[in-house]
Amino acid sequence: MAPSSKAEKKAAVDAAAWMFNVVTSVGIIIVNKALMAGYGFSFATTLTGLHFVTTTLMTVILRMLGYVQPSHLPLSELLKFVIFANFSIVGMNVSLMWNSVGFYQIAKLSMIPVSCLLEVALDKIRYSRDTKLSIGVVLLGVGVCTVTDVSVNTKGFVAAFIAVWSTSLQQYYVHYLQRKYSLSSFNLLGHTAPAQAGSLLLLGPFLDYWLTNNRVDQYAYDAGSLTFIILSCTIAVGTNLSQFICIGRFTAVSFQVLGHMKTILVLIMGFFFFGREGLNLHVVVGMIIAVVGMMWYGNASSKPGGKERWSHSLPTSKTESR
């Protein structure tokens, strides 16, 4: 009874963490689309900096209330994480500007094999044949859903390469730091959010001006745009926290694989909220393939030998089964 009850409790908490991430991630995409399309607020990097300001305030308040205990993260580790995270944000924005939508989606899909490579090389993770095949099915399904025209240019390829590797390293590093230094999601956010907020607010206005030829300080703010900015920042607290929770409980690969469920939900929400002509036959078929792949991955990776560490690289780590 006890082992079964413990497993059921873990499954319930895992499901709750995942739903928290899905709801906040899809919610912030919808809000940001409304802000950018409806109010012309195209300053994505500066907005991300504001997201981390709000997240920093949340961690400070929780620490003052005693919900977050003091913890230690070496400055060298913090700097590496911030470099990976900021290159991820900037790389994604530049990649979207310089590449076609189709190649941008292919680049995002390539984060799964890159994350797998990092786990194999750095954590000595070994995948079963079924786990590998299930990841391939997920990639196929999401590719059918999202990839349309594909054109590649040199600078766009370089931007996509930087975006993919920095994002994969940032997500791997979340899991690594939580295990190595026994940090909770709140603790890790408390260390990283202030550094990201400061660096992105310094860099953001210049990068946004370079990307859009518009200055954030000259934007015509009004009640509507400010409301959506505040709403975006509020939801971002949940998005940032839930990302750390999910990667801490799962792994970067599982986060990427299951994360494509958000891509499917965004397509559906876009159809209902923005009137897109999105749900044609090949998109629906792609969604079905992707969902089947995700279910297969969850089953295959949870079986003995489906995904296991054959050499314990960190003394505090334990074999992940998801």
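The backbone N, Cα and C atoms fix where each Cβ goes, glycine too.
What TrEMBL says about a protein is an automatic prediction, not a curated fact.
In TrEMBL this protein carries:
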{"type": "TRANSMEM", "residues": "12-31", "note": "transmembrane segment"}
{"type": "DOMAIN", "residues": "23-297", "note": "domain 'Sugar phosphate transporter'"}
{"type": "TRANSMEM", "residues": "43-66", "note": "transmembrane segment"}
{"type": "TRANSMEM", "residues": "78-96", "note": "transmembrane segment"}
{"type": "TRANSMEM", "residues": "133-150", "note": "transmembrane segment"}
{"type": "TRANSMEM", "residues": "156-174", "note": "transmembrane segment"}
{"type": "TRANSMEM", "residues": "186-207", "note": "transmembrane segment"}
{"type": "TRANSMEM", "residues": "219-238", "note": "transmembrane segment"}
{"type": "TRANSMEM", "residues": "250-273", "note": "transmembrane segment"}
{"type": "TRANSMEM", "residues": "279-297", "note": "transmembrane segment"}
{"type": "REGION", "residues": "301-322", "note": "region 'Disordered'"}
{"type": "COMPBIAS", "residues": "313-322", "note": "compositional bias 'Polar residues'"}
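In the predicted model, the domain 'Sugar phosphate transporter' (23-297) has a mean pLDDT of 88. A contact links the transmembrane segment (186-207) to the transmembrane segment (78-96), because at least 3 Cβ pairs that are 6 or more residues apart lie under 8 A.
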